Amino acid sequence: MFGLSGKVALVTGASRGIGRATAEALAAQGAHVVINYVRGEEEARRVVQAIEERGGKAEALGFDVADMQATDEAIAALAKRLGRVDILVANAGIAVDNLVLRVKEEEIDRVFAVNVKGAIGCARAVIKPMMRARAGRIVFLSSIVGEMGNAGQAVYAASKAALLGLSKTLAREYASRSITVNVVAPGFIDTDMTSSLGAEVKEGMLKAIPLGRTGKPEEVAAAVVFLCSDAASYITGETIRVNGGMYM
Ligand code: NAD
């Protein structure tokens, strides 16, 4: 039901965290997974190795999603070489935590360049081969804070909210080509991105999670795999929240 044999899946920012777990989960379903990274080449190669050791197919592909020309060139070359790109998981993202009065202009530019322009650039590049194939799956990694806001995360929350409008618009634009576009919005997941949060902040968050614990990257990956599979063929423009009930 969730089988992805013969499919090519590109996961951005896949050398660690949610991206890595998603790449591994897609490979476990039989997809040939392309592990995008920007700086963590060694880490990306280790993900490829881990997938191959389990009998899966994977390769590493370095490019900065904030660089539209590099993104276009890398994805066009990939589509030419493999003949297809069936799945995009736009996962690469960065967070800047600061009150809006303190945040620097260059921080706003960087967060939007990676989280928003990066997602648009990757989607635009994969839509070309997907239109030719008259099929495709795009999943954007947004965040719980894009829907509910969070004091101290104005810029990050704004960038993640942008992905909701982007996905619904692309869902409408490419539905006629059987390309579905959806969002997964994680809550508080144990990764490098959240490891720097102070004990007090973490404790406060745990109190607000009905399931009483943080999430695992694999639990986010499971929702992504579902949206990329045939089982989700009639779902587009939707958001799946993976947050332990923190926001309903
Ligand atoms: P992470 O920091 O562990 O991983 C992010 C990955 O993106 C890294 O591998 C990083 O190298 C890559 N990346 C950053 N800039 C890039 C660029 N310009 N080009 C290519 N790759 C780039 O974070 P994570 O927790 O695994 O988060 C993954 C996604 O999920 C992010 O979009 C994040 O905003 C979102 N998210 C995470 C949480 C959480 O609690 N961890 C919650 C909600 C949403």
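For all residues, glycine too, the Cβ spot is worked out from N, Cα and C.
Annotations in TrEMBL come from automatic prediction, not curation.
Pulled from TrEMBL:
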type     : residues                                                                          : note
DOMAIN   : 7-192                                                                             : domain 'Ketoreductase'
BINDING  : Gly13, Ala14, Ser15, Arg16, Asn91, Tyr156, Ala157, Ala158, Ser159, Lys160, Ile189 : NADP(+) binding site
ACT_SITE : Tyr156                                                                            : active site, proton acceptor
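All features noted in TrEMBL, drawn onto the structure.
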residue	record	DSSP (3 states)
Gly13	NADP(+) binding site	coil
Asn91	NADP(+) binding site	coil
Tyr156	active site, proton acceptor	helix
Ile189	NADP(+) binding site	strand
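Within the set of recorded positions Gly13, Ser15, Tyr156, Ser159, Gly13, Ser15 have a CB atom less than 6 Å from some atom of ligand 1. On a Cα basis, Gly13 (NADP(+) binding site) lies 17 Å away from the residue listed as 'active site, proton acceptor'. Within the same chain, the residues at least 6 positions away from Asn91 (NADP(+) binding site) whose Cβ sits under 8 Å from its Cβ are Val11, Thr12, Gly13, Ala14, Ile18, Gly19, Thr22, Leu141, listed in sequence order.
Counting every protein chain shown, 23 other Cβ atoms lie within 10 Å of the Cβ of the residue listed as 'active site, proton acceptor'. Each of the binding-site residues Ser15, Ser159 was scored by other CB atoms within 10 A of its CB, and the lowest score goes to Ser15. Using a 10 Å Cβ-Cβ cutoff, Ile189 (NADP(+) binding site) registers 22 neighbours. Considering other CB atoms within 10 Å as the measure, the emptiest surroundings among the binding-site residues Gly13, Ala157 are those of Ala157. Residues Gly13, Ala14, Ser15, Arg16, Asn91, Tyr156, Ala157, Ala158, Ser159, Lys160, Ile189, recorded as binding NADP(+), reach a greatest CA to CA spacing of 25 Å.
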